[in-house]
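As given in TrEMBL:
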| type | residues | note |
| --- | --- | --- |
| REGION | 1-97 | region 'Disordered' |
| COMPBIAS | 30-92 | compositional bias 'Pro residues' |
| DOMAIN | 95-209 | domain 'Phytocyanin' |
| REGION | 206-275 | region 'Disordered' |
| COMPBIAS | 213-272 | compositional bias 'Pro residues' |
| DOMAIN | 275-383 | domain 'Phytocyanin' |
């Protein structure tokens, strides 16, 4: 320490002296003590910088052409959704049908017309016969089952079977189940056949089987077409020289054309010859015959067919305006087409020249022949095919 102060006293003073500074003056920067006191590391010699080796330039190759794009294949069609098969259908419940509707089982009602309007009937349907027990103001009724149509037409009860007596129709009525697919013939046998013959208390019915709806056919899966194949690129064919043209062969001598046979015109269809139909067949026009059933069995009738009414001098033929007047035997607006004498001999002929319903009835005895004698029916001609 003494050596340093004695050697350089000014440096020491300057080191420990404080100088006033201002904005114009800067603090003097003192360099560190000389390096003679500390040994310096030897400096490394700077090596010259060698440039990196240059890479040889490769020739630029053109990019390959883009691949040829094929048209996108159509997506496979979706399989149709098959709905679940419904449960097997059950037959309809049997119906309860009151014979005659609100008129019940009584005299003077047209039960064949009621059957025609309320059919068809099915197996296991229940017919309900309602009628009051006999008293001072109500005639007795019953229900018989007849064996065939002939016995029903003639009201022949010799082989008939009693199914409901005089009292079984009261209250809720008598129930008859149509168990078999056959014809049933019902009639009332009271009054020694009067209720059946003139009272029109008879009818026939044939039930049908209930047809279940057939299941839908299985749906076919759609056929998926194979993927479309692209045609190969056209190859260059060698150019061929055109073929050498040969001279045409000599043509044979032309012959005169043969006359072609003219087509014969098709034969014109001939209209069907109108038929002559005797009303009632062998029974003709009389009391107690079921003419609605006869018209149903002998139809269909065609335009220009001729109905022939044959009868004695106690009947006539009226043309009624509508079905309601035919059911009620109302002759207020009816038109007489044949009087008491026109049915004798070859009978009275009526031509069905319009395609509309016709309503025929006998207007004698103040409507008794129509109401209780069943001398009425309707027919609708159709056009010939």
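Even glycines carry a Cβ here, placed using N, Cα and C.
Remark: secondary structure over the domain 'Phytocyanin' (275-383) totals 24 helix, 29 strand, 56 coil, with classes taken from DSSP. Note on the domain 'Phytocyanin' (95-209): its mean pLDDT in the predicted model is 91. Here the domain 'Phytocyanin' (95-209) is broken down by DSSP into helix, strand and coil counts: 21 helix, 29 strand, 65 coil.
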